[in-house]
Amino acid sequence: QETLMGKYGEDTKLIYELQDQGGELLALRYDLTVPFARYLAMNKVTNMKRYHVAKVYRRDNPATTRGRYREFYQCDFDIAGQFDPMIPDAECLKIVHEILSDLQLGDFVIKVNDRRILNGVFAVCGVPESKFIPACSTVDKLDKVPWEEVRSEMVGEKGLSPEAADRIGEYVQLHGGLDLIERLLQDPQLSQNKLAKEGLEDMKLLFEYLTLFGITGKISFDLSLARGLDYYTGVIFEAVLLQQENEHVEEPVSVGSVAGGGRYDGLVGMFDPKGRKVPCVGVSIGIERIFSILEQRLKASGEKLRTTETQVLVATPQKHLLPARLKLISELWDAGIKAEMLYKKDPKLLKQLQYCEDTGIPLAAIVGEQELADGVVKLRDVATREEVRM
């Protein structure tokens, strides 16, 4: 359990805690990032690039229609190691862009910000450092609730002064591209803040690399992006699907964030007994979220989805031919052909062909008494109903 504690900030309350029979305090993993950092520290790995697809657990209120579950898959990609600024970060964004484009999920935007810029904003707006992280998790709600609500939470629950909240509001509602970065670098207050200046200069570099990758059209530098987790230290990003206007669904599916990530340079050091740091940047794709969108699309379009890759159904037209089917399917399996048969002794031919149509199996290999006598198999194209003897 202690592996997970103190890494997630406010989200700690969503960790599933368990007690095993031996009285050990255990918890289910909340993401794949913290276990990755622990792995690097434990095995003294200082340089690695890897992806990992696995289940994680969150004690959240499920909203299954929106692809929000308590047990779900994530696909993470991370680059660990000491490199020059923003080169691996740009690659992570390129990968998110590539995945979301290839899956044809419709229009999306990848919001990018930097923890240092945010902390700089808080500092110049007069927020004490002890309140940076709580303020951060409040700002993070801006994509879901209007600024008025965020402001009242900052003042009412997080104890910020109304003046500080209003000044934060002027910054966190900004979003744009290189032009905005240039404008903020000229900002008399922000440019005086060491952290913010570093963050903005790196952001400028990042946008130069993203321009070379040809993906800036889908990237937005967004000062309201905060990502609620404590372990981010630099660049943070989140990919959001944009709702198509002309959807013929009764209510628009707002799936929200489908991928997120950022730089976490301090996490590996938290697990290393000597505190040795390994800088890391990574991204997490919410597979389940993406599935729920694809499923809703399919439902709306009325398309049938093939759930298997079966190439051929082995069928028989008369009774007492189960042995023939078992022998033939065994040969096909041994030859690496994806084959299926109905688990019935004497199914009707029509039923077998109907099964092919329902599941989208393209071919039926039919062996009847005549075929057995002639030493052939009748191969039937299910869609066109053409048959050839082989």
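Heads up, the Cβ atoms here are built off N, Cα and C, so glycines get one too.
Keep in mind that this is a model prediction, so the values were computed, not measured.
Per TrEMBL, the feature L-histidine binding site maps to ASP31, LEU32, THR33, ARG58, GLN74, ASP78, ARG227, TYR231, TYR232.
For 51-317, the entry in TrEMBL reads domain 'Aminoacyl-transfer RNA synthetases class-II family profile'.
Spanning the listed L-histidine site, residues ASP31, LEU32, THR33, ARG58, GLN74, ASP78, ARG227, TYR231, TYR232 have a farthest Cα to Cα distance of 21 Å. For the domain 'Aminoacyl-transfer RNA synthetases class-II family profile' (51-317), the predicted model reports an average pLDDT of 89. Ranked by Cβ neighbours within 10 A across all protein chains shown, the binding-site residues THR33, GLN74 are led by THR33.
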